[in-house]
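S.K.: Attaching a single structure in structure tokens format; questions to follow.
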Amino acid sequence: MKIKQIDISGFGRWSQKKFDFVNDLQVVAGQNESGKSTLRAFIVGILFGFPSKKSSINVYDPKDGSQYGGSLIADFNNIVVKITRLGRIKSELTITYLSNQLTIVDPEKWLTDQLAPLNRDIFNNIFNFSQQDLSKISQLKAIDLQKLLLNIGAVGSSGWLEVSADIEKHADKQFAQRATGKRPLNIAAKQYEAHSHLLLSKNEEMVAYVAEKENIERQTQILSQNYEEVRKLTHRVQTSQTVMQKYQLYQSAQLLKKNMIVSVPPVTDTDIAAFQRLKIGIDMHQNKISELNTLIKKMPQTTDSVEKYDATSELAKIQIAERHLQELINQKSSIMADEKHLRDRFSNKKVPELLSSTEQKILTNKNKSIITLLVGIFIGIVAFFTIKPIVVVALLIIVYGCYLFYTRRKFLNKIQKRYNMMSIADIELMQSNIKQFSDWQHQLVAIDADILEKQNKIMAQLLPIADHFQVQLNDDVFEAVIIELMHINDQQHMQSQNNAVMIAQKNQQVLTEIKQHQEQLAQQLSDQQNILQKYHVLNEQELLTLKQNYVDHIRTKQRYDDIMQQIEPETMNKLQEVTDEKELKKQLILLQHQLEQKQRTGLSLQAQLSDMQAQQKQRTSDDQFLTLQQNLADEQTSLIDQFGDFIAEKMGVKWIDQALQLATQNRFPKMQHIATDFFKRLTGGKYVAIQFVKDDLNLISSAGQKYRVIELSTGAQEQLYVALRLALSIVIADIIAVPLLIDDGFVNFDSIRKQTMIDILQEIAEEQQIFYFTTSLSHKAKINVINL
């Protein structure tokens with residue numbers, strides 16, 4: 001299995017965070033508290049489930065309140081799935097195939113089958129370790145370290161070794177195999193022997209015990225009768241005290257009963273609230289009707305005069321003149337664009353002068369020098385074979401031809417520089433454009449004069465219209481001003497025509513609203529009168545008085561019922577029979593006096609019985625004798641059970657050690673070669689072999705010397721532990737291949753050994769994905785690093 005990506009919704013300090021991983025060695029670097037251990041715990045939680053708070057470990061609740069959990073994309077033998085776990089208390093697992101987006105029906109079973117035979121504990125024992133695991137090595141005793149390394153090949157051996165040590169320690173605390181031992185089993189054996197001698201000496205006390213037993217039984221019967229009489233008297237005294245306490249409360253209830261009104265008609269809160277709402281509504285409608293009547297008196301009855309001013313025709317003429325002006329402006333812009341295009345063809349943005357007649361003649365006579373050269377060459381060739389002195393004439397002709405060619409070339413270069421190094425053909429074609437450029441200059445002067453004239457004329461025509469409509473003129477934009485003036489002119493005509501209609505409509509709306517308020521006012525007055533008639537009152541004050549009487553009646557009745565509930569039915573019957581409080585007090589005093597006499601008698605009887613029982617306790621009864629016999633038998637059984645547990649614990653320690661050795665021996669030969677290579681490289685070749693013989697582990701140095709594990713330095717012990725753990729993960733890969741998680745596992749390694757460790761991890765990562773979480777990484781090779 002290879003992990004390609006994790007997406008954290010909320011887990012510890014991480015929220016809405018996504019990480020992409022490579023398939024070989026993935027380094028996650030960051031300082032302390034940057035979230036490295038959180039990422040490692042998240043990966044384990046997605047695969048095997050999130051921990052609960054009952055386990056007393058960090059559950060990584062999100063700090064910002066995000067949804068707990070996230071997802072992980074993994075590749076199981078080319079089957080890529082997305083594993084999602086959300087929620088900590090009732091975690092919901094979803095697994096989806098990324099190839100077709102189908103969801104697995106039973107995700108827990110599917111994931112368990114893919115990771116089998118791994119569970120969380122086995123995964124942590126083989127594929128997940130940190131610096132804490134290495135730190136424990138320095139705290140172990142020599143024999144415990146030897147056992148840990150010998151049994152590292154057995155999955156979960158560290159846990160079994162801890163169990164074995166706890167069992168053996170517990171057994172040794174129970175019994176010491178020496179005569180002076182003071183362990184629990186030693187003390188129990190001595191106590192059993194002493195109780196055996198005590199039982200023999202207790203036979204003679206049995207006779208006196210039997211004789212006194214009958215006297216104690218008679219005294220106990222008399223005391224029981226006295227206790228029953230005291231109990232009855234106590235009950236009568238308590239009943240009288242209760243009646244005395246409730247008497248005043250009963251009298252208050254009777255007074256309330258007399259003051260209660262016989263019959264008060266109930267007034268509901270709903271009717272009171274409805275009456276008050278109706279009152280508010282009536283006031284509102286009356287005020288609104290008054291306001292509307294005032295408004296209709298103030299409204300004008302005739303429309304304002306219609307606007308007489310009309311500038312429509314004048315604006316139409318101005319609009320035509322403005323279009324002619326725009327055509328001149330567009331013509332000017334076109335000529336200026338042509339001028340710019342012509343200037344842009346020259347680097348200095350300046351159009352050169354036309355070629356003179358001499359320059360044009362030189363351009364046209366381009367073949368004269370070539371013909372002269374050809375004639376000289378021809379004469380020279382003919383003279384060379386006929387009249388050799390004429391060769392001199394031919395050379396002069398050739399020299400003259402070269403002179404003509406050079407002179408023309410120099411003149412052409414001068415012209416080309418003036419024309420921005422154009423070709424001769426382009427210069428000749430450019431002459432017509434340069435001539436036209438002069439014509440454009442004259443046209444622009446004429447167009448500018450025409451534009452200025454038309455602008456002034458339009459401005460003069462627009463000014464009185466703009467002043468009338470209070471619109472500010474803009475010298476540059478006439479079209480927008482003309483459209484705005486035409487729009488304002490149209491709006492004023494439409495507004496003056498609609499004013500009369502609007503005033504008539506407004507009057508009708510006010511009259512309609514007055515009618516609606518009058519109808520609603522009449523209805524609410526009728527509803528208010530119905531409520532008053534329902535309770536047979538004339539106004540609001542009488543209705544509120546009736547409501548208050550009803551509330552007072554309910555409160556009085558509730559108080560009476562509360563008092564009556566505090567008095568029990570039995571007490572109520574006695575209170576109804578009482579006519580005078582003084583008689584009730586006399587009865588209570590008499591009962592208390594009788595109770596005190598019975599209590600004194602009981603105390604005397606109890607003292608006599610206590611003396612008899614104290615003397616009897618000094619004797620050994622038949623029950624005590626039987627108890628001594630039973631206790632001795634129980635001690636014997638307990639002693640046998642405890643010795644059985646002691647022997648079972650000692651045998652259990654032996655069985656655990658033998659089972660771990662057998663499990664390790666099956667896998668250790670496969671690990672030995674790999675672990676030896678890793679350990680040799682980590683120690684710089686100081687140790688070249690690891691020997692494993694039954695229950696002993698030895699290291700062979702490069703000089704051939706043999707060392708036991710306890711003779712190694714702490715650093716070498718850690719390196720041996722790491723080598724064996726890595727070798728185990730490689731050997732077990734044929735059963736299950738999952739990523740290896742290492743959290744700062746090499747803090748105590750020096751720079752050379754840490755460099756070697758990274759090289760080893762890169763080699764393992766070619767076959768098995770590795771996540772290495774560290775605070776820093778200084779490795780020259782190219783490694784994929786995620787910096788937190």
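Residue positions begin at 1 at the first shown residue.
Cβ atoms are placed via backbone N, Cα and C, with glycine included.
Unlike curated records, TrEMBL annotations are generated automatically.
These numbers come from a predicted model, not from an experiment.
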S.K.: Given the ranges 24-58, 199-233, 234-268, which one is assigned the annotation coiled coil in TrEMBL?
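M.R.: Checked against TrEMBL: coiled coil maps to 199-233.
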S.K.: Short question: which residues 6 or more past the ends of the transmembrane segment (373-406) have a Cβ under 8 Å from it?
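M.R.: Cβ under 8 Å, 6 or more out: none.
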S.K.: Average the per-residue pLDDT over the coiled coil (199-233) and send me the rounded value.
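M.R.: A mean pLDDT of 75 is what the model gives the coiled coil (199-233).
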